[in-house]
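*Asks:* Mind looking over this structure? Questions follow.
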Amino acid sequence: MQKDYQKLIAYLCDFLEKEVQKKGFKKVVYGLSGGLDSAVVGVLCQKVFKENAHALLMPSSASMPESKTDALNLCEMFSIPYTEYSIAPYDKIFGFHFKDASLTRKGNFCARLRMAFLYDYSLKSDSLVIGTSNKSERMLGYGTLFGDLACAINPIGELFKTEVYELARHLNIPKKILNKPPSADLFVGQSDEKDLGYPYSVIDPLLKDIEALFKNKPIDAEALTQLGYDEILVKNITSRIQKNAFKLELPTIAKRFNPE
């Protein structure tokens, strides 16, 4: 079904305003990477909270220079207040102590470090942390637990990546950001497509069918292949969903022990 994106923008702005107010806050903070998702969230926050929406730019030693440039251009274009904190000195210390660390470990460290900066800023400024993960990432578990997945409110968490692209066009996000390959910018050469094996234009239709057909039920891979999806695609995506499902759950706490 074709979305009315102007109505969606109004809905998300209303959602942000009401949820932040409900939690007793007037200000928000979020990480701005120069990528699509954070740009969309940034512009939505700016529409609602104006000068009370603050962006943190947190480049690492592996961040591409154009990521920072794109983030700064967005801030200038939409009058977004921002602060820059380089996390490069900290990720270099991690690299010094863990020389054999995989790229995934390094990336997770940077993601959690950024969230530490965001929550420290939120305490200092009495602001609420806003999330920037889309539904495609959340379903796939393509994010860092207690890193980029951590937040108090997420306005785009129910939008698939392809929907975020369309929303971005209606928000007048710069074409430079729209046209760049999706990337978490966690290490040199990293991209979502390389990590996931497929572009979102291929993944999202499958994710939508999985949600529609198997919400709260075991995924039937054979039924998906009968719909025409490639068998290897189905296997890879469903495996990732099942493996990372725990990332969307609250911690499991043992029930109170009552001895007989």
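Cβ coordinates are placed from backbone N, Cα and C, and glycine is handled just like the others.
It should be emphasised that the depicted structure is a prediction, and the values quoted were computed from it without experimental measurement.
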*Asks:* Per Swiss-Prot, which one of Ser122, Ser125, Ser183 shares the ATP site with Gly31, Leu32, Ser33, Gly34, Gly35, Leu36, Asp37, Ser38, Thr132, Lys161?
*Replies:* Ser183
*Asks:* Can you give the largest Cα to Cα distance in Å, as a whole number, for the residues Gly31, Leu32, Ser33, Gly34, Gly35, Leu36, Asp37, Ser38, Thr132, Lys161, Ser183 that bind ATP in the record?
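*Replies:* Those residues reach a largest Cα separation of 18 Å.
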*Asks:* Return only the integer: C-alpha distance in Å from Asp37 (ATP binding site) to Glu137 (Mg(2+) binding site).
*Replies:* 11
*Asks:* Calculate the distance in Å between the alpha carbons (Cα) of Ser33 (ATP binding site) and Arg112 (deamido-NAD(+) binding site), and round it to a whole number.
*Replies:* 14
*Asks:* Rounded to the nearest angstrom, how far is the Cα of Arg112 (deamido-NAD(+) binding site) from the Cα of Thr132 (ATP binding site)?
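*Replies:* Per the Cα atoms, Thr132 (ATP binding site) and Arg112 (deamido-NAD(+) binding site) stand 14 Å apart.
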